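See below for the structure under consideration.
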């Protein structure tokens, strides 16, 4: 585009940019001046150019003062008169205070300590504390429709401001726009603090001599498109809450580190060119200078040291990274004209929204800008930031928001309340001090975006890899050394950033080629030297960043697509490492000498160090100073080795430098020609004497200027090499006993300090002895090499006989160097060969074939327990899981079993041996018949008084005291009632102790079943200590008290959450006070507040003695034994049985009333049946009487039947009366018999109580007789009735 949006690339523009920035700063500092005065001054300076060129744009035909008023009213056309008064009132208030930048009320709010941020997802306001390093967020309540309806108002921000300048000055050109853009780039907050009119005044002041170029008005369609694009980018910035640290740290998300990106002429996102010579005017998007670190101090930023470490590498790769990531930056996808137009319109658009937004809650500004640049109030901001964390979490939970940002909050542990927000989609935990991530992150199943960059993480929990919807994961700037193998379980992952870590290798088991959704992979600035073969087959990657590693990739290859980079690595073949012939020729050294590795260089240094040690001992120097120097130099040696390997991208560079040192050592008398260039790490040390060397060089050649500090000094002789490397690599004398002293005296011949004849003779003798020793060592090494060659030949012959392929043999670098340097005058000292110790046979090995395995009796977190027999002894065999068994695990297992089998204690399960075969590893222990304490406690049929339970807990404490008293300490790691076994004499023995190797190897499996017994610090993955066993012992005490399962009815996550919150198991009201106090002490959250097992023993012993005393007193006084348990199960409420006789008596007493009731009911039924039968007989007799009466009434009846029937009736009535009397007598007899039986039972009970003798058989006899006596009258009655019926 043309007009004011064009960019002027002339030198005059670059010179004006620095002046403009200074003028803008001065304008912002003196912004309290009146608006009309600034513009009037400009108009007075330009009286000759009034309103000549802007009649078409602004229709302003007034004089200078009226023009200023018109521009002011047009700039504030969207606001009311009341708003203008408020703005002017606030500006006046700002002028009364100290050097506070004046701002509108819609932007400042500096009087309030806490600002309000507008939520991006809803209209609710969120109070958020601001950290001093956070940038302001521009959240404006302007809808897209409002932007489209107010296009006429938006246009004047770009055009009217510049046109007013044309009307007043007639000199608004490209340089003006350039100044506007520079002002926007200098500080994002200055855009907010300055108004449209102050911008025009600065342009008028800075551009008096520029060319006259009139700006044409933009078309509404073009402006509408540009505004829509700017609005979308600004909404994206608001949604992601970009911070100033993003550009400083260089995490690669919204932008890269500008210290890397900036070149001598680099085009920024606003379209202007930054010069490499102007450090103060070159700024990034966040508003901070590139080469200045004034915004962030070392104390405020824990990551600044990391950026400084990589500064040299970043400078080398600056241009390269600019070219490589050109396709990923949004700004570089646009043309230059579009960038220029966007920058100009962006300034006007922001200014328009400054006037439109009057609510303080919509805009927030960092407070550190208003502290005069001296950092005042930063400590208060840090406190507010810590206080702000729970407020953010609570606000997100209340609003049901899907995004939570806790970045730059100095968190060491993630708050547990975060895991309760299950609706989270976006979680930002960057720029904290996190070392571990809780396993509860697996609860956030809806999480899509997770940022953990700029922390101290070394590993991730396995629950994180089960998140099904995670698409973006940032892990850059941490301490990862390997790529997690479980990362391929994140099937939805699209972006993965592992840059700026310490990754040295990517395992083939990672299977990154199977992650088809992964399109962006960032592995910058690690220590990768190769990639797995299956990763090279990945064809789904669209972005692959590999710069800053040790891969053989140059800039041209890194610019290519990921597929081309991977194809190049597939066909790459590493060349043979050779010494650079050019460097050797410059140093006048024999080019046939091969390079040496790190170990050989250190060996050379150690020889010099040993020689210096001997000379210092002869001089009897202070040993304390010597030890301090030893420690310092040992650290410097490690630093030398690490930094040389890390700083050099090529692996051969360090070897070349080491080779130069060796060559200088082997040829001390070489003529001084071109000097040797050594790394700066060797030479930037003030105590090494390099300054003296420089002084000598200056004395010899005064006209030659000394090199700067950044360049490495040079060494012209062997004495400086000796002094420098011996000072740095001074090692312990114990490590150098076998090393012979080095011929340092050869280098001392050239120095004027050693010219005595005696010293020369001593030196010659020492040289002869050293040469003899070295010759002997060479002979021994030659013999060893011959033996090795013979062994290799024998192995090759065996392989040829067996038909196996031959493997090429790789010689050691040290041996190669020694063999090739045999002909040289001064042989190279070497490191003594390591003696390989022959592994001793395992003493406690139990072959699996000798064990007869029976039924399974249990199952644990890392094995199954079987009952078995070994050599006639009943044993328990624990078969370990062999999922990932390797040789190291078997070796560690043997060491631990060797230690455990030597333990002997009555409260410890006896280890008898182990089978260490990789196919079936197992442990053999003694077998205890009663089983585990957990099964005994859950069996209600087994009665256990309080004294027995106290004794069981005391036995457990004794066993744990013994384990913790061993050296080294044996930590159980899984103490619970399932691992406490009971023998026949009710003695507890601790089982499954030790085996840290197996338990740590299967920690996840163990945690699944024993979460309720695990200490809080173990759940937080802070490691096991002996106090973790004390916490588990508290849960065991609770089980002994209640005989219940802890945390019954809760799943694992609920238990973990309750333990993290500090919740503990409920304490019953009937618990003894001393016992409850001990439990509360043992399950304290702070491990330091928990007692040790030696402290627990006397407490348990005191409670046992008190219970025994109470028990004896209660027995002597005839009272029941003291009971501790639920009141409903108290046996004292019931009469306890004394012996078997009383139990039988009680059973009979309960059975007899029931039998009597049944007999009475039967008698009543029988009597009713008899009465009914008699009534029927009476009715029949009445019928017969009626018939007889009828016969008597008739005279013709010849028989006297009436009298016969009357006699029979009388007889029948008599029999009936007799029967009734007999029935009554039987009832009376039964009652008497029952009374007699009751009397007999009472007498027997009294006799049993007095004598205690068992009941004789008389009870059964009487009982049978009573039953028979009841049955006989019934049979007699039935017989009598049958006789009567027969008679009838």
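The backbone N, Cα and C atoms fix where each Cβ goes, glycine too.
Database features (Swiss-Prot):
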ACT_SITE  974  active site, proton acceptor
BINDING   857, 858, 859, 860, 861, 862, 863, 864, 865, 878  ATP binding site
COILED    221-248  coiled coil
COMPBIAS  1-12  compositional bias 'Polar residues'
COMPBIAS  271-291  compositional bias 'Polar residues'
COMPBIAS  302-343  compositional bias 'Basic and acidic residues'
COMPBIAS  344-354  compositional bias 'Polar residues'
COMPBIAS  376-386  compositional bias 'Acidic residues'
COMPBIAS  701-717  compositional bias 'Polar residues'
COMPBIAS  733-757  compositional bias 'Polar residues'
COMPBIAS  1269-1282  compositional bias 'Polar residues'
REGION    1-132  region 'Disordered'
REGION    156-223  region 'Disordered'
REGION    269-386  region 'Disordered'
REGION    690-717  region 'Disordered'
REGION    733-764  region 'Disordered'
REGION    796-825  region 'Disordered'
REGION    1118-1141  region 'Disordered'
REGION    1245-1288  region 'Disordered'
REPEAT    400-421  repeat 'LRR 1'
REPEAT    423-444  repeat 'LRR 2'
REPEAT    446-468  repeat 'LRR 3'
REPEAT    469-490  repeat 'LRR 4'
REPEAT    492-513  repeat 'LRR 5'
REPEAT    517-538  repeat 'LRR 6'
REPEAT    540-561  repeat 'LRR 7'
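Note: the CA-CA distance between residue 857 (ATP binding site) and residue 974 (active site, proton acceptor) rounds to 18 Å.
Listed in sequence order, 865 are the same-chain residues at least 6 apart in sequence whose CB falls under 8 Å from the CB of residue 859 (ATP binding site). Listed as Cβ neighbours of the repeat 'LRR 5' (492-513) (distance under 8 Å, sequence separation of 6 or more from its ends, same chain) are residues 250-253, 306, 310, 453, 468-485, 519-535, 537-538, 545, 548.
With a threshold of 8 Å between CB atoms, the same-chain residues lying at least 6 positions outside the repeat 'LRR 2' (423-444) that come near it are 241, 245, 249, 251, 302-303, 396, 400-414, 416, 450-464, 466-467, 474, 1019-1022, 1053, 1056-1057, 1060. Across the fold, the C-alpha of residue 863 (ATP binding site) and the C-alpha of the residue listed as 'active site, proton acceptor' stand 13 Å from each other.
Across the repeat 'LRR 3' (446-468), DSSP assigns 5 helix, 3 strand, 15 coil. The sparsest Cβ neighbourhood within 10 Å, among the listed recorded positions (857, 863, 865, 974), is found at 857. Per-residue confidence over the repeat 'LRR 3' (446-468) averages out at a pLDDT of 92.
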